[in-house]
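Here's the structure, in structure tokens; my notes come after.
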Amino acid sequence: MLKNLHRKSLATSLALLLCGYATVSFAADGSAPADLGASNPGQTVNVTLVLGLHNQDALERYIYSTVTRGNPAFHRFLTTAEFADRYGATAGEIARVQAFLKQQGLSQAELLPNHLAIKVSGTIGQFNAAFHTSIHDYRNSDGTTFHQPNATPTVPAALSGTLVVASGLSSEARYHSHHVKAILPPQQGPSANALAKGAAPATPACTGNPTATCTPGEFTVGDVANRYNINPLYRVGVNGKGSTIGIATLANFIPADAYAYWSAIGLPVKPNRITQVHVDGGGPLSGPAGSGETSLDVEQSGGVAPWANIIVYDAPNTDAGFFDVFNQAVSDNQVDSLSVSWGSPEIFYFPQLNGGVDFTDELRAFHQVFLEAAAQGISMFATSGDSGAYDTVRSLGGLLTDPVPPPLTADAPGSDPFITTAGGTTVPFSYSFSGGPTASLTKEGVWGWDYISNYFQTNFGVDITDQVFSVGGGGGVSVFWPVPRYQQFTGGIRKSEKNQTLLFPQFGINYTLPANYRGRNEPDVSLNADPETGYSLVSSLDGPGLLTFSGGTSFVAPQLNGISALLRQSTHGRVGFWNPQVYALQNIFGYGPFSAFSDIRSGDNWFYAGKNGYEPGAGIGTLNVSNLAVFLSVF
């Protein structure tokens with residue numbers, strides 16, 4: 001079953017290119033986890049019972065009203081208690097769930113203040129009986145073990161409609177971060193990481209933001225400020241003061257790394273600004289577990305908004321952990337904006353890929369919390385992925401030349417209509433590979449490494465597509481969530497393509513996605529994400545000093561998070577749900593020097609090409625942040 005496969009820690013293999021260069025390719029080994037038999041029934045586990053929302057249509061209308069200037073509810077964001085009272089589970093529903101828990105011998109650990117979840121503790125045997133399933137232990141080919149039901153858990157009939165999902169019956173690591181390294185040159189000479197820089201002609205001295213490097217692959221948050229017109233805000237004292245940034249992540253990190261990064265680039269920041277909240281015991285602390293992802297999330301968001309406070313919520317990489325980290329951050333209601341750089345292909349939740357077991361209730365559980373965040377004015381940001389328009393390739397491999405090529409797919413939670421999803425671009429630069437001639441990209445374009453494949457084909461007659469496909473900015477059309485209101489009048493919105501099939505015979509999977517589905521398009525907005533024109537970061541668990549040539553949409557989501565903190569300060573209050581506001585501004589005012597957006601008309605993510613207006617490669621385009629601040633203050 002693909003549920004087992006995609007939850008594996010699918011290894012990142014560094015496939016050697018000619019002349020010693022390496023790039024990232026992702027493939028499964030094709031083997032199913034070994035079933036070790038029934039789990040110890042006396043083992044204690046913690047599970048989160050997700051309760052259903054009330055009045056969801058009314059809630060969505062209220063969310064739109066909070067970001068519609070002139071509406072009486074404009075910026076009248078709810079408290080957690082108000083949300084629970086209006087839209088959470090009722091006292092009677094909670095009492096029925098609590099009675100069921102008592103009947104089953106399960107212990108309530110916590111009722112979340114939003115009344116959308118109850119944390120429960122009990123033995124595996126008790127959960128087996130309560131949800132009519134059988135939890136087994138499994139071993140992956142890499143030796144890691146986990147437990148998971150081998151039959152679909154069943155919600156008691158008396159709780160149907162009240163209980164959305166029991167999250168946490170599986171303990172398997174599921175999600176991956178959207179962080180990519182550049183193609184690296186041979187490790188020799190004094191500047192092994194200066195591939196792009198070494199190919200570029202001499203450039204004028206770097207100007208603008210004092211922390212900028214103007215060097216592709218070694219960019220800092222100062223370069224973000226230069227390119228996307230943030231500096232005018234800094235000059236008038238807008239630096240995030242009074243704002244609180246939230247990071248939702250599935251790995252712990254070393255806070256000293258963030259301070260080291262800001263110090264290394266010469267950026268003064270607010271001291272003692274980081275608070276850690278370890279949800280469900282917290283996430284693992286190691287390089288392979290993704291601690292570097294958390295480091296860069298903090299460094300980028302806190303670097304864009306250097307005087308904002310930062311709360312880092314980390315949780316285990318499990319179903320329950322991912323839900324709980326959002327639920328905790330949103331219910332605490334201490335952050336003004338929240339970003340996440342972890343995800344999974346949307347279709348991996350579908351029953352057709354999981355032996356008939358439907359996991360889409362997990363998507364609905366996330367959706368409820370995202371609605372709560374929007375109602376409370378918390379701006380949320382997710383990544384679109386780093387596997388171009390073909391999100392499953394990162395986990396399962398595949399090429400367009402295969403008899404059945406991989407399908408066009410969107411990434412979750414970025415496919416959810418109530419989260420702002422970050423896409424990726426490549427900014428102009430000059431480059432050379434393997435001693436070949438210097439080539440240049442002259443315009444900012446949708447990020448896709450087919451330009452690297454084309455370079456090798458043109459200059460050496462070598463096809464390296466299998467080594468770089470489908471690395472690029474994520475984007476596509478959801479086949480689960482319908483097109484939201486804010487995209488209904490946006491030119492360029494696409495329907496799902498026909499003849500998109502995921503074929504994985506090892507698991508009996510031959511699933512054709514719905515064609516012509518008018519679904520939510522992602523991403524929404526984009527910034528530079530290509531590792532070749534990427535960034536430096538500090539992650540002491542991954543290596544010493546400043547690590548360069550890093551990228552991915554996992555840089556963009558926290559950068560947007562930091563930008564939102566600046567906007568909160570400049571507009572004197574929470575910004576709220578971005579999407580209805582930015583789509584309306586783009587639809588009305590379009591592009592140009594006085595617009596809040598720049599159109600991306602070149603590049604592609606292996607399928608969706610940059611063009612005038614919206615496309616599922618760069619969304620509505622990149623930001624002019626200072627202009628956006630003016631528009632949000634006026635309109």
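Just so you know, glycine gets a Cβ as well, placed from its N, Cα and C.
Unlike curated records, TrEMBL annotations are generated automatically.
Under a cutoff of 8 A between CB atoms, and with a sequence separation of 6+ in the same chain, the neighbours of GLU293 (active site, charge relay system) are SER177, HIS179, THR249, ALA251, SER341, TRP342, SER554. For GLU293 (among others), the entry in TrEMBL reads active site, charge relay system.
Residues annotated as active site, charge relay system in TrEMBL: ASP297 (among others). Around ASP297 (active site, charge relay system), a 10 Å sphere centred on its CB holds 32 further CB atoms from the protein chains shown. Under the three-state DSSP scheme, ASP297 (active site, charge relay system) falls in the helix class.
When secondary structure is read from DSSP and collapsed to three states, SER554 (active site, charge relay system) falls in the helix class. What TrEMBL records for SER554 (among others) is active site, charge relay system.
Per TrEMBL, domain 'Peptidase S53' is recorded for 224-635.
According to TrEMBL, the feature signal peptide maps to 1-27.
Looking only at the domain 'Peptidase S53' (224-635), the predicted model's pLDDT averages out at 97.
Within 10 Å of the Cβ of SER554 (active site, charge relay system) there are 30 other Cβ atoms, across all protein chains.
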